[in-house]
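Undergrad: Here it is: the structure, laid out below.
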Amino acid sequence: MGGLVKAEFRKIFTVNLWWALLIPVAVLSFGAGWIGTAFGSIEQMQEAAGRSLPTGLLTVSMSTNYSTIFAALFGALAVAGEHRHKSITTTYLTGNPRGAVLGAKLIAYTNIGLLYGLVNVLSASIGGLLGAGLDGFGNPVDWFTVGGAGLLAMVLWTLLGVGFGALVTNSIVAVLVLVAYKFVIEFILSVVLLGSEIAGFVAYLPGAASNGIVGNLAVPIFISAVAGDSEPYVQVEAFQVLHFFFGGTYGHPWWLSLLTFLGYTAAFVLGGWLVSRRRDIT
Amino acid sequence: MHDGSGRILVQGLSKNFGPIDAVRNLHFTVEPGSVTGFLGPNGSGKTTTLRMILGLIAPSAGVATINGLPFAQLSNPGTVVGAVLEAQSFHPGRTARNHLRSYAAAMDVPDQQADQVLELVGLGSAATRKTGGFSLGMRQRLALATALLGDPQVLVLDEPSNGLDPEGIAWLRGFLKSFAATGRTVLVSSHLLREMEHTVDHVVIVSQGQCVYNGDLGQLRSAQRSRVLVRAADPGKLVTALQHSGFVVEHLPDGRLAVLDSDSRTVADLALQAGVALYDMQDEHVDLEQLFFQLTNGQYTGGAAPWGGPGPAGGAPPWGPPGGGFAPPAPQQTGQQPHQPQDAALWGAPQQGHRRENENGDSGGKA
């Protein structure tokens with residue numbers, strides 16, 4: 001098994017894809033961190049509140065919600081890419097059983113997910129530092145909490161991608177479906193659902209669940225930092241607006257989002273494993 | 001743990017893709033120490049069979065084992081069997097060396113092995129080039145290098161000479177022979193018997209997903225008999241004379257006689273001595289390629305092959321060897337045509353031919 005994991009790391013680092021997809025993560029996260037915190041209205045909010053606000057936490061949440069797609073695409077190409085380049089034959093000829101190959105990929109890609117997560121959190125934080133200064137991060141415990149949730153979301157998206165890629169094997173389909181779902185399909189779904197009786201289900205959609213891992217931590221931390229002792233009197237609308245921009249759902253605990261998204265990830269990984277176990281490689 | 005025998009065993013292997021029977025109840029054994037050719041026309045099920053042996057395709061029925069175990073149960077399979085398959089490729093952005101090192105890690109073999117196999121296949125100078133720029137021949141060599149990376153006991157190759165230049169083909173032949181000479185196993189497929197003629201010792205010939213010959217190439221070659229077809233005024237008298245001189249004679253449906261292992265001059269001399277008038281004489285030779293073609297040409301004719309297989313219990317054609325030869329299966333049970341003895345002649349020849357174990361009790365009539 002150790003050999004198979006080592007093989008996967010070598011496959012990852014001997015082609016350009018891992019850094020080609022990491023660049024947009026770094027750029028987007030940095031941009032979100034910088035622009036998001038330097039935004040004029042936040043300054044006015046700070047003046048109104050009479051103290052510095054941990055806006056850096058919010059932008060880390062936002063950058064995570066967008067940059068996870070790159071980790072998911074990278075993960076999806078773990079198996080689908082091998083089908084595309086027809087190297088899957090050699091991979092299965094040198095790794096037995098197929099579940100061990102998938103397991104090795106999951107281990108290796110967990111590490112890449114962590115790398116992507118670190119780059120995201122650090123870039124967003126550097127951007128936040130430039131935009132809002134050290135004051136934008138609140139207390140260090142909050143920063144570590146939100147950053148840790150960001151890492152978790154990134155790793156889970158990577159693994160979901162691996163499972164999804166193993167399930168569909170067609171790399172073009174895998175990439176298109178992931179991107180379309182993340183930016184179009186779930187948006188339409190949630191609009192439709194919000195107008196229905198099961199509006200509460202929106203928070204359990206994959207995208208909302210993953211955004212909630214960070215957003216449902218960052219937004220309440222932000223509110224409580226802003227409102228201080230008067231937090232119970234903060235209007236629900238304030239939460240809802242912040243959640244809309246920075247991810248999460250009002251009143252939804254972050255761990256429930258985590259469990260939900262963990263479920264999706266497990267389902268895709270399990271599905272990918274079951275299907276690839278029996279698939280004929282022709 | 002596998003038995004280390006290096007033997008490939010195929011038992012009752014079948015695969016259907018929807019309504020299409022790609023492989024039907026295939027049986028054969030590949031022994032170590034020799035090169036076994038796996039021959040058949042395109043679409044005869046060779047690739048599917050090889051992929052089933054290698055665990056890439058799940059059989060609909062039957063089993064294939066390497067060293068006594070199905071592929072899926074081999075631990076570290078790359079060190080047991082290496083394979084060069086069609087539709088097997090590399091990431092175009094990865095260098096040859098990095099490709100090999102990735103799989104060296106998967107097999108737990110030292111990284112130096114990657115450079116050694118690159119040198120072995122003549123790609124040493126291309127080690128740091130990306131495989132996307134490789135020619136077909138270079139890709140084929142890299143595929144072979146990958147197969148050899150784990151120093152396997154068994155080598156399986158699917159049409160390996162595709163894309164190789166004549167020099168490369170000659171090199172590959174020599175390589176496969178020397179590989180087998182070390183007591184290891186080589187199974188190599190091709191749709192051209194001529195291409196394999198000088199490389200293989202043993203052949204498994206498939207047609208329409210079924211095995212039509214499994215035996216020594218030398219024995220198949222000895223089937224290249226010549227015979228004389230002759231029309232005589234008094235066949236009975238001529239037969240007596242010929243048999244008296246020790247020839248094996250067969251009556252053809254059109255009234256002619258077929259004299260085995262003879263030539264027209266000898267027959268003419270004998271006929272003259274016997275006082276029998278001859279109206280027509282024809283020498284007939286069957287070469288190996290023709291034999292191969294005849295063995296496999298049932299595939300696209302739609303109906304049954306013109307020859308009928310004798311049942312497993314014998315029933316050797318009249319001019320067959322004493323041993324009875326091998327028994328070909330009847331390629332199709334339905335709509336069998338009347339047997340034509342001149343085709344049956346192709347079957348009868350090998351003296352010690354491996355009898356293909358015919359599992360079907362109803363495997364057709366006798367020739």
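Think of each number as a place in line: the chain as shown, counted from 1.
Yeah, the Cβs are placed from backbone N, Cα and C, and that goes for glycine too.
Per TrEMBL, transmembrane segment is recorded for A:12-36, A:56-80, A:114-134, A:154-180, A:187-205, A:254-275.
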Undergrad: Which bits of the chain, at least 6 residues beyond where the transmembrane segment (A:187-205) starts or stops, bring a Cβ under 8 A of a Cβ in it?
TA: 212, 249, 252, 257, 260
Undergrad: So which of A:12-36, A:114-134, A:154-180 has the most C-beta pairs under 8 Å when paired with the transmembrane segment (A:56-80)?
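TA: Highest pair count goes to A:154-180.
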Undergrad: Checking distant contacts: for the transmembrane segment (A:12-36), what same-chain residues at least six beyond its ends satisfy Cβ-Cβ under 8 A?
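TA: For the transmembrane segment (A:12-36), the sequence-distant neighbours (Cβ-Cβ under 8 Å, at least 6 residues beyond its ends) are 55-56, 58-60, 62-64, 66-67, 70-71, 73-74, 77, 81, 108-109, 112, 115-116, 119-121, 123-131.
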Undergrad: Report, as numbers and ranges, every residue of the chain located at least six residues beyond the transmembrane segment (A:114-134) whose Cβ falls under 8 Å of a Cβ in that stretch; write 'none' if there are none.
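TA: Residues packing against the transmembrane segment (A:114-134) from afar: 21-22, 25-27, 29-39, 42, 52, 55-56, 59-60, 63-64, 67, 70-71, 74, 143, 147, 150-155, 158.
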